[in-house]
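Under the heading domain '3-dehydroquinate synthase N-terminal', TrEMBL lists 47-159. Among the features that TrEMBL reports, NAD(+) binding site is placed at 85, 86, 87, 88, 89, 109, 110, 122, 131. Among the features that TrEMBL reports, domain '3-dehydroquinate synthase C-terminal' is placed at 162-303. Look at TrEMBL and you will find 164, 228, 242 tagged as Zn(2+) binding site.
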Ligand SMILES: NC(=O)c1ccc[n+]([C@@H]2O[C@H](COP(=O)([O-])OP(=O)(O)OC[C@H]3O[C@@H](n4cnc5c(N)ncnc54)[C@H](O)[C@@H]3O)[C@@H](O)[C@H]2O)c1
Ligand SMILES: O=C(O)C(=O)C[C@@H](O)[C@H](O)[C@H](O)COP(=O)(O)O
Ligand SMILES: [Zn+2]
């Protein structure tokens with residue numbers, strides 16, 4: 001399956017399938033790849049880094065710059081990034097800043113990076129517990145989603161992706177939401193046809209939002225941040241995988257929407273049940289200091305403008321609004337998911 005999306009730097013090719021032609025993207029390529037993964041372009045110079053959230057650091061960014069400098073990369077070079085969402089975020093930041101921008105091809109190797117991180121151009125590193133504090137918007141030239149990589153994913157990592165997939169259905173596409181509810185068992189069994197559908201539909205939904213508001217300045221792309229106001233506040237404090245934190249965030253923010261008179265209680269419980277059916281958490285048990293730190297982290301949400309956080313709230317399945325919420329109100333959403 002293939003499609004293209006348009007943006008400020010041109011057009012990005014998106015391919016979803018099994019056993020992709022990596023060699024077609026090898027011209028003047030250098031590779032940034034996660035430790036433990038098989039390099040799809042073995043003839044190209046490569047930098048190997050340990051994957052996972054810790055790679056989103058200024059130290060790792062400097063290592064990538066040093067690698068690009070030492071291999072003589074220039075503006076005709078293509079950086080091919082092979083890894084999970086954390087490594088792809090680092091690669092986007094590096095490619096978007098080295099010589100003020102070199103070509104980037106994303107090869108996502110987790111389901112979450114396939115359905116979300118690889119597309120849309122958000123690159124960043126973390127700053128202590130603050131997620132994605134420093135980064136860029138920089139679009140890749142191509143995104144190669146090869147479902148073969150999914151075969152080796154640990155169960156917890158695999159399931160974490162479904163928070164982002166459910167996000168698309170809950171906030172933007174009721175028909176996809178219903179498809180998900182009907183196909184949980186096939187997706188948990190990693191059935192290829194169901195997986196290809198979930199990845200392709202997720203990416204089409206995300207691409208249409210990015211085309212409408214690439215730099216998140218028109219109040220449209222905020223929707224892709226559903227669940228992330230609370231999610232980012234708890235993710236690093238509680239050592240959750242990103243998808244797990246977003247799952248908790250989607251539930252917390254659904255309750256907040258209901259409290260504001262939008263979502264019906266029955267729908268909140270239905271969304272919570274879908275998230276649970278993917279084996280994802282819907283509540284957390286922080287200590288007092290962790291809860292305090294989570295409240296503090298809300299202030300570093302990039303959707304905040306002055307005294308308000310501009311939160312995307314689901315008002316009914318497939319529909320959302322942008323709501324001005326004071327950080328202390330957003331913090332109240334935490335109480336719905338703390339036990
Ligand atoms: N830029 C965006 O639009 C965007 C969107 C969603 C998430 N993200 C970011 O992505 C990160 C989460 O991404 P993730 O869920 O892929 O987590 P991750 O990158 O931390 O990877 C999870 C684990 O899986 C391992 N792994 C990767 N590929 C594997 C494979 N094929 N087989 C076995 N193990 C493999 C990694 O080494 C790591 O230990 C977060 O930092 C989040 O902020 C960014
Ligand atoms: O692409 C987007 O826009 C998103 O918000 C996608 C999110 O799933 C992703 O986690 C993103 O990195 C969060 O962005 P941030 O701006 O909150 O750091
Ligand atoms: Zn996310």
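Heads up, the Cβ atoms here are built off N, Cα and C, so glycines get one too.
Positions of the features from TrEMBL, shown on the structure.
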residue: 85; record: NAD(+) binding site; Cβ contacts under 8 Å, 6 or more apart: 108, 110, 112, 113, 116, 117, 118, 242
residue: 87; record: NAD(+) binding site; Cβ contacts under 8 Å, 6 or more apart: 32, 33, 34, 49, 51, 55, 81
residue: 89; record: NAD(+) binding site; Cβ contacts under 8 Å, 6 or more apart: 56, 117, 122, 123, 124, 125, 132, 135
residue: 131; record: NAD(+) binding site; Cβ contacts under 8 Å, 6 or more apart: 124, 232, 235, 236
residue: 164; record: Zn(2+) binding site; Cβ contacts under 8 Å, 6 or more apart: 112, 115, 116, 202, 243, 246
residue: 228; record: Zn(2+) binding site; Cβ contacts under 8 Å, 6 or more apart: 246, 249, 301
Practice item. Please go through the binding-site residues 87, 89, 110 one by one and keep those whose C-beta falls under 6 A from any atom of ligand 2; give the result in sequence order. Key: none
Practice item. Provide the three-state secondary structure of residue 131 (NAD(+) binding site) computed with DSSP. Key: strand
Revision key, fill the gap. DSSP composition of the domain '3-dehydroquinate synthase N-terminal' (47-159), residue counts helix/strand/coil, works out to 50 helix, 34 strand, 29 coil
Check your understanding: Among 89, 228, 242, the binding-site residues in the record, which have a C-beta under 6 A from ligand 1?
Key -> 89, 242
Revision key, fill the gap. The predicted model's mean pLDDT over the domain '3-dehydroquinate synthase C-terminal' (162-303) is 97
Review point. Setting 164, 228, 242 aside, what same-chain residues sit with their Cβ within 8 Å of the center of the Cβ atoms that define the Zn(2+) site, listed in sequence order?
Key: 112, 116, 163, 167, 227, 231, 243, 245, 246, 249
Check your understanding: Which one of these binding-site residues, 110, 242, has the sparsest Cβ neighbourhood, judged by other Cβ atoms within 10 angstroms?
Key -> 242
Review point. How would DSSP class residue 228 (Zn(2+) binding site) in three states?
Key: helix
